[in-house]
């Protein structure tokens, strides 16, 4: 997926935005009347499906990397504070997480994007606002475990401040878990962006995204059912 996004201009056999109405609705090249020049066929405007699919990977990857990283940073910071300091800090952050996670994630993302305004930046902001709670809850629990370890007690004994203990001692031990969470979050972010593109709340409709491709295929499912299947 990363290679497809980085090498999209070279991997794409055609310009994903180029229209040719004389070549519209070409089936995949392996089907009857298929054109070898269009491996996965063309859409209603004659645009190459393979090229649009490859370029759509870029949008998905940008959202996954940026939104996932920002959600991880926010959720990890708050989770570490709640788990390490406890008391009122933990209570306030935990209650905020509980309340926020009680809302349906996809529905809330649609509402947020509708309020902020359609666009890639709005999608990223919505995902960060919603998904920081996933990181916060798990990181909080693991931080509570780590702060009882002997290495934390040793750090306290030699006079390290709590902030330095969090950054220098606890955080490195959270990294393996954080990497796993970030990997899962990137997949979730891609799905959310696809849903928002499908309902027209992401980037412009002519921009190649996976959600736009599904939406376009849905409109012509009876005439060209293979378009949605691709």
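For all residues, glycine too, the Cβ spot is worked out from N, Cα and C.
The transmembrane segment annotation in TrEMBL falls on one of the ranges 105-130, 131-156, namely 105-130. TrEMBL lists transmembrane segment at one of the ranges 173-192, 193-212, namely 173-192.
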